[in-house]
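Novice: Questions regarding the structure given below will be posed in turn.
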């Protein structure tokens with residue numbers, strides 16, 4: 001709350017916590033390493049990526065890691081990284097990153113279903129696939145609801161304020177479930193191919209285990225930056241003023257607000 | 001912050017948010033279902049549990065689900081459930097639940113290492129085992145550091161206040177990593193045994209998938225109760241007063257506190 005007061009008093013508004021940039025840089029380094037390592041794993045041990053062959057399957061892990069891990073994670077961080085920019089700009093960037101993530105994830109989904117169809121494999125029998133479908137549906141619903149509340153001009157200020165904590169909680173939860181689903185998928189890919197060789201510390205197994213730990217670390221780093229109380233985005237002066245007006249105006253219609 | 005003011009003004013201190021008991025009841029129902037379903041899975045499809053035979057392995061998933069999922073999750077909720085009890089009592093309960101969880105998890109760890117030794121299987125080659133060891137070490141360190149800061153009388157108030165957010169963040173993260181590790185272990189157990197039958201929707205596979213989803217839901221439910229801002233434990237009047245005194249006394253020695 002003290003940062004709000006500071007920003008209302010004047011020029012001190014554009015301050016950034018000293019340690020934040022280092023944590024953000026670290027998270028980005030982790031995220032890029034993740035994407036590069038997924039590419040390296042698929043290139044070195046799985047024959048690379050192509051759409052018109054058996055290699056179509058490999059588009060699935062790469063798209064999912066880029067879309068539902070790296071881009072989704074970065075979309076959550078937008079309000080921390082651009083904490084001193086106008087709220088509207090930040091909102092649009094948040095929405096755009098989530099659209100990119102959704103489209104790339106959709107390509108990854110099409111890749112695996114198309115591959116299964118061509119090879120005659122069963123769909124949606126594994127825990128990875130169940131979690132994956134759950135994540136994708138929740139992610140899509142969250143995007144739609146988020147858009148209607150925050151980008152569509154019709155929603156009232158009080159409605160937005162009440163929905164915001166839910167949006168943040170479900171956003172973080174969907175992201176963490178995405179990380180868990182990726183770990184399950186990685187494990188599945190290893191056990192299907194390596195089988196008993198996994199226990200002989202095959203290089204592919206070790207590389208994929210390290211990739212799995214990095215996935216978990218990226219999830220942890222994003223969660224830390226997102227939840228640290230003193231790194232939350234300060235309300236800007238004009239929003240503060242607006243919020244006061246709207247609060248007075250709208251408080252009447254929600255006496256029993258939970 | 002308004003709840004603090006309320007509690008300082010008098011009798012309104014012992015209030016509980018209306019929806020909290022329902023969410024807690026739901027989380028406990030989920031947790032008990034999880035434990036029962038793990039038992040059912042091991043009993044129906046894995047021959048039950050015993051220490052002195054091949055069935056020793058089965059002690060591992062059951063102990064881990066009871067210790068590092070159910071009890072660990074409940075230990076995190078203690079400050080929400082007993083929000084109007086004395087802080088000291090709640091602290092001791094939190095510490096005790098974590099000791100039970102740690103001991104039960106240790107039995108589960110011994111079970112799997114002992115089983116591997118007897119059967120001549122390799123240790124610590126899989127992503128599940130890497131995540132598991134990481135979780136166990138972090139959990140043990142968190143317990144030790146938490147004990148020295150919060151139960152050992154030597155730590156100053158300002159030190160405790162600065163460590164508290166870190167303790168909460170790492171506690172939640174270790175819990176979520178435990179859930180992720182359990183999902184990986186479940187998947188491993190399924191793929192090792194069912195192999196290609198998994199894709200034929202074997203009853204064991206479907207049961208275990210449902211168990212996996214319940215594990216993820218329990219993680220989500222605990223996280224929701226833990227992070228909802230208006231469900232946080234209100235500071236009691238006497239702690240508030242103490243905090244003021246200590247803040248004045250100790251603030252001098254940390255001018256550049258981050």
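Placed from the backbone N, Cα and C atoms, the Cβ positions cover glycine too.
What TrEMBL shows for this protein is this:
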type     : residues  : note
TRANSMEM : A:20-44   : transmembrane segment
DOMAIN   : A:26-227  : domain 'Cytochrome b561'
TRANSMEM : A:64-82   : transmembrane segment
TRANSMEM : A:94-113  : transmembrane segment
TRANSMEM : A:133-155 : transmembrane segment
TRANSMEM : A:167-186 : transmembrane segment
TRANSMEM : A:206-226 : transmembrane segment
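Any idea what these are sitting next to in the structure?
Specialist: Note on the transmembrane segment (A:20-44): residues 58, 61-62, 65-66, 69-70, 73-74, 77, 80-81, 204, 207-208, 210-211, 214-215, 217-218, 221-222, 224-225, 231 of its chain, located 6 or more positions outside it, place their CB under 8 angstroms from a CB of the stretch.
Residues 20, 23-24, 26-27, 30-31, 33-34, 37-38, 40-41, 44-45, 65, 69-70, 73, 76-77, 80, 172, 175-176, 179, 182-183, 186-187, 189-190 of the same chain sit 6 or more residues outside the transmembrane segment (A:206-226) yet have a Cβ under 8 Å from a Cβ within it.
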Novice: Any residues 6+ beyond the ends of the transmembrane segment (A:64-82) with a Cβ under 8 Å from its own?
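Specialist: Cβ under 8 Å, 6 or more out: 20, 24, 27-28, 31-32, 34-35, 38, 89-90, 93-94, 97-98, 100-105, 107-108, 135, 139, 171-172, 174-175, 178-179, 181-182, 185, 215, 218-219, 222, 225-226, 231-233.
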